[in-house]
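Chemist: Right, I'll just put the structure down here and ask away after.
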Ligand code: 5GP
């Protein structure tokens, strides 16, 4: 997605050889108009896939996921990173190691929000080592639902996430693919969409 790549170049900040900061439009402040376009691009790509629900993980996946779900006309459900006292129902859980926080946390989704009849589209802001998506796949597997694809806003292709997910039989569709962040410069690989 050309517009997203341009925005990454304009407003992204390379913090190290492995970390890109995009908090002015994606992970903290959110450019709603850009999210809406991202929603439409993914919805166009998956419009004949029979998707019944979009699944993401809090917090930064929620903004793009909402707009993808809105454009597809389906609900969005996000995995929570901490259990709260209102979650009295049966919950499905998985352990996820966070690349940016460098801690392992338990993520959970209330069982009733996923069913074996669901065909799901996973959406996330970043793909790094694939641990967040792997945790979601584990939860979805417990529910017996199927996954159409994993839709990523920014993939760092120099990390192992795509390979991990493809080896697990999944399809990854990324709007921007970053080949390198070395020397403070963003180098793109050809995107999927
Ligand atoms: P993974 O689970 O694929 O290793 O990492 C994905 C998660 O880590 C994303 O949901 C995102 O929140 C965070 N993340 C990974 N790499 C980056 C990065 O370079 N910048 C930012 N802002 N978040 C990242």
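Keep in mind that glycine also has a Cβ here, set from the backbone N, Cα and C atoms.
Curation does not apply to TrEMBL; its annotations are automatic.
Checked TrEMBL, it gives:
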BINDING   20, 27, 156  xanthine binding site
BINDING   128, 129, 130, 131, 132  5-phospho-alpha-D-ribose 1-diphosphate binding site
DOMAIN    34-156  domain 'Phosphoribosyltransferase'
Chemist: CA-CA, which of the binding-site residues 20, 27, 156 lies nearest residue 131 (5-phospho-alpha-D-ribose 1-diphosphate binding site)?
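Modeler: Minimum Cα distance from residue 131 (5-phospho-alpha-D-ribose 1-diphosphate binding site) across 20, 27, 156 lands on 156.
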Chemist: Looking only at C-alpha atoms, tell me how far residue 129 (5-phospho-alpha-D-ribose 1-diphosphate binding site) is from residue 156 (xanthine binding site), rounded to the nearest Å.
Modeler: 9
Chemist: Taking the Cα atoms as reference points, how far is residue 20 (xanthine binding site) from residue 128 (5-phospho-alpha-D-ribose 1-diphosphate binding site) in Å?
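Modeler: For residue 20 (xanthine binding site) versus residue 128 (5-phospho-alpha-D-ribose 1-diphosphate binding site), the Cα atoms are 11 Å apart.
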Chemist: Would you mind splitting the domain 'Phosphoribosyltransferase' (34-156) into helix, strand and coil residue counts from DSSP?
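Modeler: Going by DSSP assignments, the domain 'Phosphoribosyltransferase' (34-156) contains 39 helix, 44 strand, 40 coil.
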Chemist: Which whole-number value in Å describes the distance between the Cα atoms of residue 132 (5-phospho-alpha-D-ribose 1-diphosphate binding site) and residue 156 (xanthine binding site)?
Modeler: 14
Chemist: How many whole Å apart are the CA atoms of residue 156 (xanthine binding site) and residue 128 (5-phospho-alpha-D-ribose 1-diphosphate binding site)?
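Modeler: Between the Cα atoms of residue 156 (xanthine binding site) and residue 128 (5-phospho-alpha-D-ribose 1-diphosphate binding site), the distance comes to 6 Å.
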Chemist: How many other Cβ atoms are found within 10 Å of the Cβ atom of residue 156 (xanthine binding site), counting all protein chains shown?
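Modeler: Around the Cβ of residue 156 (xanthine binding site), 25 other Cβ atoms lie within 10 Å.
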Chemist: Would you identify the secondary structure of residue 27 (xanthine binding site) according to DSSP, in three states?
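Modeler: Going by the DSSP assignment, residue 27 (xanthine binding site) belongs to neither helix nor strand, so it counts as coil.
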Chemist: At the Cα level, what's the spacing in Å between residue 130 (5-phospho-alpha-D-ribose 1-diphosphate binding site) and residue 27 (xanthine binding site), rounded?
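Modeler: Computed Cα spacing between residue 130 (5-phospho-alpha-D-ribose 1-diphosphate binding site) and residue 27 (xanthine binding site) is 18 Å.
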Chemist: What is the total of other Cβ atoms whose distance to the Cβ of residue 27 (xanthine binding site) is within 10 Å?
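Modeler: Cβ-Cβ neighbours of residue 27 (xanthine binding site) within 10 Å number 19.
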